[in-house]
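To start, the structure under review is shown below, and the notes come after it.
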Amino acid sequence: MNNRVHIFDTTLRDGEQSPGVSLNLNEKLQIARQLARLGVDIIEAGFPITSPGDFAAVQAVAREVRGVTVAGLARANFKDIDVAWDAIKEAEQARIHTFIATSDIHLKYKLRKDREQVIEAAVAAVKHARKYTSDVEFSAEDASRSDIDYLCRIFQEVIKAGATVINVPDTVGYTTPGEYAQFIRDILEKTPGMEKIVLSVHCHDDLGLAVANSLAAVGAGARQVEGAINGIGERAGNAALEEVVMGLYTRKDYYGLMTGINTPEIYRTSRLVSSLTGMPVQPNKSVVGKNAFAHESGIHQDGVLKERTTYEIMNPEQVGITANNLVLGKHSGRHAFRDRLEELGYHLNEEELNLAFSRFKVLADKKKEITDHDLQAMVEDEIKHIPDTYVLKYLHISTGTAVVPTATLGLQMGDELKEEAACGDGPVDAIYKTVDKITGISCTLVNYAINAITGGKDALGDVTVKIRCEEKEKVYIGRGVSTDILEASAKAYVNAINKLIHDMQ
């Protein structure tokens, strides 16, 4: 059996279904380009028929991202499939991913169809998709709760109809590793034609078993794993692809399998997805968490200092985590700055480099010791890929225990400097009310989070906000970075407002 496992990334489709996550087209393109650098085999760019915005994003990914298969999701009906093809047809390699539920509970309550009707719909959908492309994936939604004999029968029929990938999702995260492995073995054994196709798995994390189930499945013969970066997704999320990949990489002695993933790009991909979705990575998360390679216990520290492999089964460099050392200072030049950014995986054009270097010089005057983490946060904050309708020019705060907090600030809009002041319930609230007065946009703050990038009194503060506007149902995510927490808070809110305005235009 082939020992190559294909990695199917659904961060832009299933991952974006996480509550409170809403990515614009440019953000989806950023993630897609990084996924291509990471080396995933397939990017599921979205569900084109759901909205014009989703269609445009899938189409943009298909047009602009090369070296990877781009998939569009479609229900098992002709209209969905036609729209999916229109969105992905300019891809270097295009895949239509069509699905229908197969469990009795879904047939009875959701589809209101009998088993024969579902088989007919699945076969017709695959045949229709094959008119457009030779790469067609069929998914049996809620497969893990479906009758095995019926599942094998529908798989046999869609293989005859032309499906090249068969996906067996654990849609509600119900199964367990041993059970799922046997399920996969039974499907491979009982279904004629399986030797012609790639068997795929798509696991959800409702019981915290998505990665374990995915690894059990590839051990049983599956050769494609679907999941999302950082494990994001609706409800409890999807299998975290970085964990699946490093599980196979670290335990190749056990699995004997390989992927095409460029593992040093894992950490940067995780950071990018976290930054753009506004979903922080928990510190103790496997592979990419802040504490994944930290050792607190004296016994552990002593062991690692003597020999890393005493307590580290992976080393940080394998996933792209660099040592947090002093790298640059205020006397560092543009060439050294560019070289260090490229070592960290950032390849900026001239305009982006000029912006980032100007920001670096300002930071270097405020902060004596600049680390890799500082540089990463600064560059990710500076390079936003949307036009700034408003730019924060200055900020003044009056606050104290016996003073009503007041913010005065100026926002540059083209050639005009707009200035206002407002009081609030705390300095951050005062800032946001002032921004609302200037922009004329009334927003609800859904979430506010702050994180210190590094230690010390001059640490960079990284603020993420989520806002919802009365005129739009979407949530907009903004990010701001500064050694001054209030300035970072203001920049994050203005960034979110700029995204909202860009979306409305």
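Each residue, glycine too, has its Cβ placed from N, Cα and C.
Annotated domain 'Pyruvate carboxyltransferase' per Swiss-Prot: 5-267, in sequence order, evidence recorded as sequence analysis.
The annotation Mn(2+) binding site is assigned in Swiss-Prot to D14, H202, H204, N238. In sequence order, F8, T10, S139, N167, V168, P169, D170, T171, E226, G227, N238, A239 are the residues near H202 (Mn(2+) binding site), counting only same-chain partners six or more apart with C-beta under 8 A.
The region 'Regulatory domain' feature in Swiss-Prot is assigned to 391-505.
Residue counts for the region 'Regulatory domain' (391-505) under DSSP, split into helix (H, G, I), strand (E, B) and coil, are 33 helix, 56 strand, 26 coil. For the recorded site, D14 (Mn(2+) binding site), the DSSP three-state label reads coil.
Taking the mean position of the Cβ atoms of D14, H202, H204, N238 as the Mn(2+) site, the remaining residues of that chain whose Cβ falls within 8 Å of it are T10, P169, T171, C203, D205, A210, E226, G227, A228, G233, G237, A239. Cβ neighbours of H204 (Mn(2+) binding site) (same chain, under 8 Å, six or more residues apart in sequence): P169, D170, T171, V172, G173, A210, G233, R235, A236, G237, N238, A239. A C-beta separation below 8 Å, combined with a sequence spacing of at least six in one chain, links D14 (Mn(2+) binding site) to E44, A228, G233, E234, N238.
Cβ neighbour count for N238 (Mn(2+) binding site) (all protein chains, 10 Å cutoff from its Cβ): 30.
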